Structure formats: C-alpha cells, structure tokens
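A.B. asks: Mind looking over this structure? Questions follow.
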Amino acid sequence: MTGTGTDTIEDAEDAEDAEEPLTDGGAAGADEVALDPWGSSSVSDYRKLFEEFGIEEFDELLADLPHPHYLMRRGVIFGHRDYRPVLEAMREGDPFAVLSGFMPTGDPHIGHKLVFDEIIWHQEQGGDAYALIADLEAHAARGLTWDEIDEHARDYLLSLLALGFDLEDGTVYRQSTEREVQDLAFELGIEANFSELGAIYGFDGETDVSHMQSVVTQMADILYPQLEGPKPTVIPVGPDQDPHVRLARDLASRMRYFGVTTAYASFEATEDELSVIGAAYDARESYADDPDQPRCVEAAQWLESGGTGVTEVETVEEDARDRAISKLENAGMEPLRPRTRFLNRRATEEAFEALIDTVEGEKRVFDEHVDAFDLDHDEAAEIARTIELAHDGYGFQPPSSIYHRFMTGLTGGKMSSSIPASHISLLDDPEDGYDKVKAATTGGRETAELQRELGGRADECPVYELYAYLLAGDDDEFAKRVYDECVGGERLCGDCKEQAAHLMKEFLREHQEKREEVADLLEAADIELESPRRG
Ligand code: TRP
Ligand code: SF4
C-alpha cells in the first residue's frame with residue numbers, strides 16, 4: 001500500500017510492542033526499525049518523524065510553490081525529503097518527474113485517492129508522470145494470486161484515469177512486465193547486500209528471496225523515470241514508505257561513477273575531518289611561515305595546540321579532530337591547498353580516462369581520484385555527470401519524496417481495508433458510502449446543548465477529515481467554514497454528517513461514472529491487464 005491508511009507505521013516507542021505475526025521476516029523483529037512498509041500500526045506523533053527520521057516539514061516550502069495543491073495547503077501533505085529540486089524544476093519549467101506505486105491487494109479507497117491526486121497534480125504542473133502496479137510485491141510479500149492481482153490492478157488504474165491522469169502524457173506499467181525495471185533492479189541489487197536489507201527492513205534468514213527482490217524492484221521503480229536522463233523526481237507516499245525512499249536515495253548515489261568533494265591535500269578525508277582541515281586552512285595566516293603555502297604539518301601543530309578561536313574546530317568531535325591531525329602529520333611538508341576532487345567510485349576505465357582528459361586547468365591525477373585546482377564544485381559535478389552519461393552510466397539524482405497523513409478510520413482508530421466500515425472504497429455503492437458517513441464516529445459532544453456551548457472537536461473528527469481531504473475539494477473557504485462552524489458550536493453533527501454523506505454519495509456516483517467512461521482508454525493503453533503468470 002502506498003501508506004494510505006490501511007498500512008500505517010509504528011512510532012518509535014511502540015515498535016517493540018508490535019505483535020503482528022510476520023511470516024517472512026518483516027520489520028517488527030528489528031527494534032531499531034520504526035517505519036515499517038509491511039507493518040500495521042499508526043503514527044501517533046508526526047513530530048517524531050521530523051526529529052528521528054529527518055523528514056522535513058512541508059510547510060516551509062509552501063510559500064515558494066506557485067500553486068500548491070489543497071492537500072499541501074491543508075497540511076495533509078506534511079513532510080518531504082529534498083523536495084526543493086522538484087520545486088525549482090517546476091518553477092523553471094525544467095524536466096521533472098513524479099512516480100508512485102500501488103500494491104493491488106484490495107479495492108482502491110479514498111486513501112489511495114490522495115496519492116492519485118498527488119500524481120495527477122504534478123503531471124498538471126508539467127511533470128512526467130508514472131504510476132505503477134506493484135504486482136510483484138503483492139505476489140511476493142502479500143501472497144496474492146495473479147488473478148486477484150489482475151482484478152485489483154484494473155480497478156486502481158480505472159480510478160487513476162477517472163481522476164484525471166493523462167495517459168497520453170504519462171506512463172502506467174506493472175512491475176512484472178516492465179523489462180527495463182527488472183534489469184535496473186538487477187543492477188541496483190549489486191550495490192545492496194543482505195545485511196543492509198536486514199538492518200533496514202528487519203529481514204532475516206527466513207525472508208523469502210522474492211520479497212527481497214521486490215525491494216530492489218521498488219528501488220528500480222523509483223529510479224525508472226531517470227532512465228531517460230537524470231532529473232528531479234518526487235515520490236508521493238505515506239511515511240511508512242520512507243525506508244524505501246532513503247534506500248533509493250543511497251543507491252542513487254552509490255550507482256554514480258564519481259563522487260565530487262573538496263580536499264586540501266592529496267590524502268582522502270571524511271566529511272567531518274574535512275571541516276576541521278578546512279578551518280585550519282582558513283586560519284593559515286595565524287600559524288604558517290608562508291601563508292601562501294601553509295604546510296600540512298603546520299596545520300597539524302596548530303590544531304594540536306588547540307586551534308583557538310575557530311568554532312568549527314572547537315565544536316567538532318574530538319575524534320574527527322584527532323584523525324585530521326594524524327592525516328595532516330603524515331602529509332608532512334605537503335602544501336595545504338584547496339581543490340575540487342573527483343573520486344572514482346565505480347567508473348569504467350574509459351570513463352575515468354575521459355574524465356582526466358576533460359578536466360581543464362591545473363590537475364593532479366592519482367590512482368582513484370583526480371584533483372582539479374581550477375574548477376568549483378558545481379562545474380565539477382556537471383563534468384562528472386556528463387562523462388558518466390557518455391559512458392553508459394545512469395547519472396542518477398537522489399529522488400525526493402512527499403508524505404501525506406494517514407486518514408482516520410470512519411469508525412475511529414485506523415482506516416483499514418479489513419474493516420469495511422472504517423473506509424470508503426472508490427467502488428462502494430454510493431448509497432453505502434452515504435450510509436458509512438452517516439454512521440461515522442464524530443468529534444461531537446454528548447448533547448446538542450453541550451455542542452453549542454463548547455463547540456465540536458473538528459481536529460479529532462473523521463467526518464471533518466473527509467471534508468478537508470476530499471469533499472471540500474479545492475474550496476478552502478468551504479473547508480474553513482465547516483471547521484469554524486464546528487468549533488464555534490454553530491454546526492451540529494447530525495446535519496454535518498448529512499451534508500458530508502450527501503457529498504460523498506455524489507462523489508462516488510460521479511467517480512464511478514467516469515470510471516466507465518475511461519474503460520476504453522484503459523483497454524487501449526500500453527499495459528497488460530491479464531498476467532500470463534501462474535499461481
Ligand atoms: N511498496 C509500495 C506499497 O506498499 C508500492 C510501491 C512499489 C511503490 N514501487 C513503488 C511506491 C515505487 C512508491 C514508489 O504500497
Ligand atoms: Fe465533526 Fe461535523 Fe460534528 Fe464537527 S460538527 S464534530 S466536523 S461531525
């Protein structure tokens with residue numbers, strides 16, 4: 001699931017208590033895993049996602065987005081990883097892509113609609129749009145048969161098209177038939193090993209090989225839009241998918257032929273050592289015999305004696321300082337001199353040779369790196385990517401993501417596919433949709449008098465969520481009016497639900513009509529609707 005409410009995530013403290021039976025090495029076995037793509041629990045505190053996982057707050061980007069979607073404006077899309085490059089591309093009219101995937105394990109429901117809408121919105125903003133059916137994952141990780149998968153896959157795709165996905169301009173595919181995805185997955189698998197998957201997902205010796213393969217397949221999905229050339233790509237998902245996003249970002253960098261860093265001498269240094277050495281370089285006036293040519297050993301002595309007055313040096317971990325000092329000491333009389341370094345990570349021999357030839361100005365060539373003295377970081381990064389692409393490399397950019405909140409179930413608690421009354425399927429009979437909303441739990445008070453006096457609790461009300469996430473559509477004023485009237489005590493739950501139920505019925509009716517209208521489009525589309533696979 002794309003984190004749509006049926007799949008929810010464990011918050012860090014609850015992770016160990018989760019007692020979901022896991023048949024083939026899901027994440028609950030690993031204490032340190034708190035975001036679980038195949039688990040089942042709920043986010044109790046979104047703030048933790050920022051603090052513990054480094055997800056960034058989406059709000060901070062809102063002002064820079066030309067026409068934010070209502071899900072962004074209303075905080076339903078609450079977090080992101082590295083969305084800026086996508087935002088910039090959108091503003092500049094440069095290429096960018098959006099991709100998400102759906103495990104066809106049941107009917108598409110109103111939680112999935114959030115993701116459909118996110119894909120479609122990015123497509124409307126000029127992005128290359130991709131939607132995929134994660135059938136391999138559903139088969140391997142959830143044990144669905146191919147017949148079941150085919151049926152659900154068609155339903156997801158019909159709803160996606162009915163909501164406005166433009167097939168002429170966008171791409172839909174299923175994992176099982178997309179040869180390029182399989183091939184890319186195989187290549188990516190070379191950069192990921194079992195211990196790593198174990199640490200991330202809690203896989204162990206009992207985990208099915210195909211389940212693991214579905215992970216590298218998802219990595220390939222996420223990078224697929226960049227097979228046509230590197231570009232910013234956003235993956236809209238629920239926060240339960242964040243481990244996948246982090247791994248994909250890692251793999252994207254690991255696949256690169258060259259790394260580009262700054263260096264000050266011929267030896268290699270880690271990021272934290274570099275910040276110490278950089279600070280020592282900046283302070284050269286205060287210790288070098290000849291400040292035009294400070295020596296490594298002089299910098300080492302200065303650092304040894306405390307390197308006073310320089311915050312970078314004082315705040316960095318002692319350990320990094322010691323490592324920097326010993327490297328500088330070893331380099332002895334070598335001059336300390338800033339340069340841009342190309343590290344050879346996994347380039348072919350020809351690509352490395354070509355890089356060496358391309359670097360202009362003063363350069364120094366080592367076994368596994370080239371130092372350029374007349375190039376800044378951005379120029380160097382550009383050269384590195386160009387050479388990589390010219391020599392059969394991918395040149396991937398790390399993919400970005402946006403995260404939306406899970407919807408609360410209509411019966412309170414979490415929205416779950418296995419509790420029909422808790423969610424509304426996009427295929428529900430409109431009358432049933434109406435009834436489910438009428439029967440929903442609310443944030444209302446015990447009596448009408450109390451409600452008038454104290455106001456309702458819209459923030460804890462699944463019915464208000466329906467308005468904000470779906471029923472109010474783009475109409476912010478309407479959503480706000482419902483909210484204000486509720487908390488102001490002017491709105492009573494009976495009428496409020498009646499209105500919501502009616503809107504839901506209308507929505508379902510129209511949506512289902514549109515599904516029928518787009519059926520032919522889907523038949524004509526370049527996607528296999530019936531899998532020839534067995535089992
Ligand atoms: N794992 C996702 C889910 O459980 C489905 C998926 C497969 C996906 N490939 C993807 C999601 C690529 C986003 C991007 O729903
Ligand atoms: Fe929820 Fe509406 Fe009742 Fe407010 S009035 S608590 S929004 S059902």
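Note that Cβ sites are derived from N, Cα and C of the backbone, with glycine treated the same way.
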A.B. asks: For the coiled coil entry in TrEMBL, name the matching range from 145-176, 241-272, 273-304, 497-528.
C.D. replies: 497-528
A.B. asks: TrEMBL lists motif ''KMSKS' region' for one of the ranges 39-43, 319-323, 359-363, 414-418; which is that range?
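C.D. replies: When 39-43, 319-323, 359-363, 414-418 are checked in TrEMBL, motif ''KMSKS' region' belongs to 414-418.
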A.B. asks: Would you mind telling me which of 104-112, 203-211 TrEMBL tags as motif ''HIGH' region'?
C.D. replies: 104-112
A.B. asks: Same chain only, please: residues at least 6 beyond the ends of the motif ''HIGH' region' (104-112) with a C-beta under 8 Å from a C-beta of the stretch. Say none if there are none.
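C.D. replies: Cβ under 8 Å, 6 or more out: 1-2, 4-6, 133-135, 138, 142, 144, 148-149, 151-153, 155-156, 159, 406-407, 415, 417, 423-427, 466, 469-470.
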